[in-house]
Amino acid sequence: MGDMSDLDRQIDQLRRCELIKENEVKALCAKAREILVEESNVQRVDSPVTVCGDIHGQFYDLKELFRVGGDVPETNYLFMGDFVDRGFYSVETFLLLLALKVRYPDRITLIRGNHESRQITQVYGFYDECLRKYGSVTVWRYCTEIFDYLSLSAIIDGKIFCVHGGLSPSIQTLDQIRTIDRKQEVPHDGPMCDLLWSDPEDTTGWGVSPRGAGYLFGSDVVAQFNAANDIDMICRAHQLVMEGYKWHFNETVLTVWSAPNYCYRCGNVAAILELDEHLQKEFIIFEAAPQETRGIPSKKPVADYFL
């Protein structure tokens, strides 16, 4: 099947942090769209699975993640969004994850983060990177169209709810999430926005978020949500934690962060969460990829885009 060998070649290229051609990006996005459009707003995922937080274009650290966590398709992965922006390799990072999704659709689940948005990527780097590497905004346009198709959340074995940011005062049940029309740019407010922007906070009820979008939500809100939906815990990303992961509210909410030495200067470690078939948890902590394994982006990259 020529399609698969083409795809495998593209995956190999992307694994080496080499760009694929613009027309290949177009075809890849078209295939990805066909797969993603079938997924639910609350995508069902079966254990065993390894859950990952923000990556933010840190390609060599994503390779390190695969080194410590196992490769696709041997390991089943769930990535909770924020694939792009801030790091140097958003293009290669997102396209590799997308190519793996198309090649092994049942072994990798990608859900949307607040950075999977046209507006945010124009400010935090992905737009400029696409322009620099391809000489036009076409690839950015293909990718941002795919962002609109990404699922908003996932549920592992019916028990662990995974979302990029957190809860929303407009949402009490998973069924209410299922009714959202997700195929759009992330709105400035409302339930879809809240899922991607909110944060847990040591408070009760709802609070105003300093981020200017989403809400702060307290332990009582979580207890109510988890009981109403018969789930054990909420797993989310969205916030840098220096130790790679952090428990909140008596282990009912977990933050997982998977970008080590964030922005190449924060000095944090990263974590991924391995869940076995009984949902037993094991955290794998990892550090930034050693300096010698990363091509530090030169000031004037060679063959930066395809004419």
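Positions of Cβ are set from backbone N, Cα and C atoms, glycine also.
Here the structure is a predicted model, which means the values were calculated and not measured.
Swiss-Prot names Asp54, His56 for binding Mn(2+) 1. Of Asp8, Asp12, Asp82, the residue it gives for the same site is Asp82. According to Swiss-Prot, Asp82, Asn114, His238 bind Mn(2+) 2; the candidate from His164, His188 that the record adds to this site is His164. Distance from the CA of His164 (Mn(2+) 2 binding site) to the CA of His56 (Mn(2+) 1 binding site) is 13 Å. Contacts of His115 (active site, proton donor) defined by a Cβ separation under 8 A and a same-chain sequence distance of 6+ are given as His56, Gly81, Asp82, Phe83, Val84, Asp85, Thr121, Tyr124, Phe126, in order along the sequence. If you take the Cα of Asn114 (Mn(2+) 2 binding site) and the Cα of Asp54 (Mn(2+) 1 binding site), they are about 10 angstrom apart, rounded to a whole number.
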